[in-house]
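Visitor: Okay, these came from TrEMBL:
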{"type": "BINDING", "residues": "Asn224, Tyr226, His236, His308, Arg321, Thr325, Arg327", "note": "2-oxoglutarate binding site"}
{"type": "COMPBIAS", "residues": "157-168", "note": "compositional bias 'Low complexity'"}
{"type": "COMPBIAS", "residues": "362-375", "note": "compositional bias 'Gly residues'"}
{"type": "REGION", "residues": "1-50", "note": "region 'Disordered'"}
{"type": "REGION", "residues": "135-174", "note": "region 'Disordered'"}
{"type": "REGION", "residues": "361-383", "note": "region 'Disordered'"}
Amino acid sequence: MSKRTIDAFFKPTTTNSAKRAKPNNDDTPPPPDENEDIGPPDTHPSYPIPIPQLPAYISISLTHGTPAKEGHAISNQPDLDLLYFRPYITRPTANELFKFLRRELPFYRVQYTIKRGGVDTDINTPRYTTVFGVDDTAQWTSRPTTEQSESDEETSPPDNTTTANPPNNHQPFSNLTLIETTSKTSIRPTKYQYTPRPIPTCLLHLKNLIEITTGSRYNFCLVNYYSSGNDSISFHSDDERFLGSNPDIASLSLGGEREFLMKHRGAGTLATRPIIPVKVPKASPLKFALSSGDMVIMRGPTQTHWLHSIPKRKGDAVRGRINITFRRAMVPAGTNNYYRYNVGCGPVWRWDESRQEMVCTGDGGDGDGGAGGDGGLKEGVDE
């Protein structure tokens, strides 16, 4: 069955947010100012390195230039509900953001063991990964916990400094701690197998803009770096139980163009297959050529019924690519899963400008190497 292009399926759509910025067709970002003061980098005990804030010329372009084009809904196939921005960020700004994130974020080449057919199998993740965020049951706060407030109420900042994600830039990241969302008390030390990390300002700014566009809320940023055509992710779906039903996942591409393939599951998994056989409408595979700045929102029943992948591609023309997915984990199983398979216990990798490649720094990740997640890992969990 041949793969179908998606251009013919486009139809304009609107989102459920009145605040969403109007499309901006200006492809020229402001020139960088080498003397600008962008403020101190974000530091936190969970960060292996300080993470700088976005240069003003990038942050201004993002604030006033997204979405660059209207999103188009694609729902012409069974169980498919996509919103495709081509692009969401103008190409010049997206390329500058790509270079910034590749240079400034800590990455990992995670290794882990899973059981396949009852046999332990070692997996070497075929791409560089990193992750930030925490699930809905916990919050980052810079104010005292309930126990501390009882002893010194006058030291508590206003209630609006406690959010599901880090407060604004005026709150020092180094002071952020985790509390229970419901009780507002400190989380127990054994709640997570891996140390959650607050979303840094450079990604938080982007997350907030995408939330305005989609009307959804996210608490995780998963970042993949594909260094060449050999880096890939196999067919999978992001349908883990910790994401809840019909999750809304935003997938943003930066840097080199790569193919994004989608195919229908067919009759469904054991969990979704009906007891009485029913006739399932045929669905054609889809192929997207995702360029820098493009964004695909996968929502509704898409994750339950469709698989997606980034296949290997040969040739020197394949450039490095970053993919960022924004998603919302409901319970601690999501936090454990994401940190196990995107940070793990291995060393940190950093981009070396002089060598034009990722270099291992020798600094290790954290966690106890436990099972993590809900035991339902598929080799592709990150895009």
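FYI, residue positions are counted from 1 along the chain as it appears here.
Cβ atoms are placed via backbone N, Cα and C, with glycine included.
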Visitor: Hey, what's the Cβ neighbour count for His308 (2-oxoglutarate binding site) at 10 Å?
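Guide: Cβ-Cβ neighbours of His308 (2-oxoglutarate binding site) within 10 Å number 24.
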Visitor: Just to confirm: which same-chain residues, 6+ apart in sequence, have a Cβ under 8 Å from the Cβ of Arg321 (2-oxoglutarate binding site)?
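Guide: Counting only residues 6 or more apart in sequence, the Cβ neighbours of Arg321 (2-oxoglutarate binding site) under 8 Å are Phe98, Tyr225, Tyr226, Ser253, Leu254, Gly255, Gly256, Glu257, Arg258.
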Visitor: Would you say which of the binding-site residues His236, Arg327 has the most Cβ atoms within 10 Å of its own Cβ?
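Guide: Highest number of other Cβ atoms within 10 Å: Arg327.
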Visitor: Within 10 Å of the Cβ of Thr325 (2-oxoglutarate binding site), how many other Cβ atoms are there?
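Guide: So the number of other Cβ atoms within 10 Å of Thr325 (2-oxoglutarate binding site) is 21.
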Visitor: Let me check the 10 A CB neighbour count of Asn224 (2-oxoglutarate binding site). How many other CB atoms are there?
Guide: 23
